[in-house]
Amino acid sequence: MANMLYFMGFLALSCSLALASDPSPLQDFCVAAPNGQVFVNGQFCKDPKHVTENDFFFGGLNKPGNTANPLGSKVTPVNVAQIPGLNTLGISAARIDFAPYGLNPPHIHPRGTEILTVLEGTLYVGFVTSNAENRLVTKVLQKGDVFVFPQGLIHFQRNAGYGNAVAIAALSSQNPGLIIVANSVFGSKPPISDDVLAKAFQVDKSVVDHLQSQFWMDN
């Protein structure tokens, strides 16, 4: 009986660890078929007979993103929405372009760890650990430097140089998700009650109302 309980506990632990990231493929590939009529956790598989090389391809990551916006940055994602062949493979990428002093604002990837490589320029990057420590971990990165942002933690990147900057990010999910902190808190639809936010941030409601009236752009 004790051995059986031990085995069941080990099995439960193994299953929980196995489910802690994107599901592993059970075949060579499972190219996403986004027109499925039933919602599933991920994407339906296209019939392998109809799969082509273009299901595994994305062109244009060599082209700079348009940074002419209030943030001065542009993220070009390459996830399962752009490459259906990434479905079930647990990986995606992005190109991030920065104008001088441009910012990729504090945000969270709820389903993926990010590893960032600087291709051009100088970036000031960082993340904040979880409660209750809330410790800020930062680093100034130069061309060729690599930095990791753990899954689920608030993080950011800012161009600390005088010229443009470019980085490539790889993420440990086909669809890592994106929650931009300011957009979520002050730009939700419908808006969060200003009473709630005023008490949470310990500011006057007029400050909250002003922030909620701003245009919060996605990056």
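Yeah, the Cβs are placed from backbone N, Cα and C, and that goes for glycine too.
Annotations in TrEMBL come from automatic prediction, not curation.
For N104 (oxalate binding site), the same-chain residues 6+ apart in sequence whose C-beta sits under 8 angstroms from its C-beta are L71, S73, V75, I96, F98, F156, Q157, R158, N219. Residues or ranges marked as oxalate binding site by TrEMBL: N104, H109, E114.
Listed in sequence order, the residues of the same chain lying 6 or more apart from H109 (oxalate binding site) and placing their CB within less than 8 Å of its CB are F149, Q151, G152, L171, S173, P176, G177, L178, I179. Annotation comment: TrEMBL describes H107, H109, E114, H155 as Mn(2+) binding site.
The disulfide bond feature in TrEMBL is assigned to C30-C45. Take the CB of C30 (disulfide bond) and look out to 10 A: across all protein chains shown you find 22 other CB atoms.
Among the features that TrEMBL reports, domain 'Cupin type-1' is placed at 59-209. Mean predicted confidence for the domain 'Cupin type-1' (59-209): the pLDDT average there is 96.
The feature signal peptide is assigned by TrEMBL to 1-20.
For E114 (oxalate binding site), the same-chain residues 6+ apart in sequence whose C-beta sits under 8 angstroms from its C-beta are V148, F149, H155, A169, A170, L171, S172, P176. In this structure the alpha carbons, written CA, of C45 (disulfide bond) and H107 (Mn(2+) binding site) are 30 Å apart. In this structure the alpha carbons, written CA, of C30 (disulfide bond) and H107 (Mn(2+) binding site) are 29 Å apart. A C-beta separation below 8 Å, combined with a sequence spacing of at least six in one chain, links H107 (Mn(2+) binding site) to I154, H155, F156, L178, I179, I180, V181, N219. Scoring each of the recorded positions (C45, H155) by how many neighbouring Cβ atoms lie within 10 Å, the top position goes to H155.
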